[in-house]
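A.B. asks: Have a look at the structure that comes next, please.
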Amino acid sequence: MLLIFSYVFQILALISIGSLVILAYCADINTSISYQETVEASCGVRMNMICSLVIAIYSFGCCVTYLIIIGDLWDKVFDFAIQDPTIRAAWYLDRQFIISITSVAIILPMCFPKRIDFLRFASAIGVLGIVYICLLILAEYFTPLPPPGEIRIKPDHWSDVFFVLPAICFGYQCHVSAVPVYACMRGRPNTRLFTVVSALSILIIFLTYVATGVFGYLSFGAHVSADVLLDYPPRVEVVVGLALLAIKTYTTYPIMHLCGQSAAQTILRYFLRLSDARWDRWERLWRYLSACVWFGISLIFALFVPDIGLVIGLLGGIAVLFILVFPGLCLLNVTLRAHRFFLPTRAKLFVATACAYIVFGAFVFGLTTCQAVMQFIRAFTTHPSNLNSIREARYALNNLLHAGHVK
């Protein structure tokens with residue numbers, strides 16, 4: 001599994017860099033400031049409505065996931081740092097209370113601004129936190145640890161590669177927020193600078209993900225947990241790593257919220273037929289009201305729907321649309337529009353690249369989404385409580401159908 005893990009990461013890293021450059025190129029041609037505006041200018045209004053709806057759903061799912069991760073991380077920090085069970089059971093250390101208070105105090109105020117360039121300082125802290133965790137796992141590999149379990153370097157079957165695609169796509173998906181970030185860059189248009197920044201960013205992601213995954217797996221083998229930091233002894237450096245990861249997650253939520261809010265705004269303005277002048281009068285109220293509603297609903301979901309394993313699989317499938325399908329469609333339409341009657345060599349290369357992105361993206365999206373749905377059905381039907389619910393529903397339906405009949 002180590003080899004296939006590394007190969008998939010390398011391939012998707014290159015594809016992600018290419019799609020980021022495609023989005024910047026199409027955004028420059030159409031002077032767009034958001035992902036859905038780029039899709040609308042390149043592919044038309046109907047495709048933009050589909051894209052905006054998908055962005056809103058995906059962004060909301062990510063926001064719920066981030067809140068759940070924050071609760072899980074602080075739970076682990078308190079479990080490691082507080083040994084007294086009486087104090088640990090206190091109401092002010094309860095998971096739901098911590099999620100609610102910290103997110104209201106930290107995340108909600110960051111959801112009100114119109115632009116996201118103010119997050120560059122907070123995001124820098126998040127990047128340092130990720131690098132710290134990577135270095136921590138590398139250092140722990142060379143310390144005395146319990147014997148690892150079985151270590152597999154190859155999958156049992158070639159098709160096993162598709163089981164890791166959703167998680168990797170979810171990790172690489174930064175494309176929805178890339179266009180707003182590019183719009184905030186100084187000296188735009190500057191596709192060449194954005195290409196360098198994108199390549200360096202994806203390279204950092206690739207190195208940290210692969211190093212963390214490989215050395216974490218080599219440390220524990222088949223005994224590794226879903227969260228590898230839980231497998232290490234509760235030392236101070238591990239607790240610091242968990243806390244830094246939580247801080248990084250706080251700064252990620254507002255970015256996805258802004259993308260989802262922008263997508264919802266696009267859909268709302270389309271159906272209400274609001275002109276720019278009328279929208280300017282209501283924009284401030286919409287921004288504050290939608291931020292509160294979005295945050296409140298996502299918080300409720302995070303508090304009462306804490307299982308995210310299956311959700312990440314579905315979000316990973318949706319992420320493929322943003323990484324592959326929509327950039328491919330944008331590049332294809334922009335190229336064909338610019339060269340209606342004759343395609344030079346460069347344009348033919350663009351068309352071939354766009355078609356490859358679209359076909360491969362559609363295949364991966366269909367496959368990963370089917371996998372996520374099948375895993376959800378399997379988890380639902382095999383859980384004892386769910387089986388009892390199914391039997392009770394079947395028994396009630398049988399009584400209803402036979403009510404009033406005399407044998």
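Positions of Cβ are set from backbone N, Cα and C atoms, glycine also.
Unlike curated entries, TrEMBL annotations are predicted automatically.
These came from TrEMBL, pasted as-is:
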type     : residues : note
TRANSMEM : 6-26     : transmembrane segment
DOMAIN   : 6-368    : domain 'Amino acid transporter transmembrane'
TRANSMEM : 47-69    : transmembrane segment
TRANSMEM : 89-111   : transmembrane segment
TRANSMEM : 118-142  : transmembrane segment
TRANSMEM : 162-184  : transmembrane segment
TRANSMEM : 196-218  : transmembrane segment
TRANSMEM : 238-264  : transmembrane segment
TRANSMEM : 285-305  : transmembrane segment
TRANSMEM : 311-335  : transmembrane segment
TRANSMEM : 347-367  : transmembrane segment
A.B. asks: Out of 6-26, 196-218, 238-264, which stretch touches the transmembrane segment (347-367) the most, going by CB pairs under 8 Å?
C.D. replies: 6-26
A.B. asks: Cβ pairs under 8 Å only, please: of the recorded stretches 6-26, 47-69, 162-184, 196-218, 238-264, which one is richest in them relative to the transmembrane segment (311-335)?
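C.D. replies: Ranking 6-26, 47-69, 162-184, 196-218, 238-264 by Cβ pairs under 8 Å to the transmembrane segment (311-335) puts 162-184 first.
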A.B. asks: In the same chain, which residue numbers or ranges, 6 or more beyond the ends of the transmembrane segment (196-218), come under 8 angstroms Cβ to Cβ?
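C.D. replies: Contacts with the transmembrane segment (196-218): 1-2, 5-6, 9-10, 13, 16-17, 20-21, 24, 127, 130-131, 133-134, 137-138, 141, 148, 151, 171-172, 174, 178, 224, 228, 231.
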A.B. asks: Have the transmembrane segment (118-142) and the transmembrane segment (238-264) got at least three CB pairs under 8 Å, pairs 6 or more apart in sequence?
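C.D. replies: Checked: the transmembrane segment (118-142) vs the transmembrane segment (238-264), in contact.
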A.B. asks: Counting a contact as 3 or more Cβ pairs under 8 Å, with residues at least 6 apart in sequence, do the transmembrane segment (285-305) and the transmembrane segment (47-69) touch?
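C.D. replies: In this chain the transmembrane segment (285-305) contacts the transmembrane segment (47-69) - 3 or more Cβ pairs sit under 8 Å.
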A.B. asks: Are there residues at least 6 beyond the ends of the transmembrane segment (6-26) whose Cβ is under 8 Å from a Cβ of it, and what are they?
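C.D. replies: That would be 32, 35, 38, 41-42, 161, 164-165, 168-169, 172, 174-175, 178-179, 182, 191, 194-195, 198-199, 202-203, 205-206, 209-210, 214, 323-324, 327-328, 330-331, 334, 353-354, 357.
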A.B. asks: Ranking 47-69, 89-111, 238-264 by Cβ pairs under 8 Å to the transmembrane segment (162-184), which is first?
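C.D. replies: The stretch with the most close Cβ contacts to the transmembrane segment (162-184) is 238-264.
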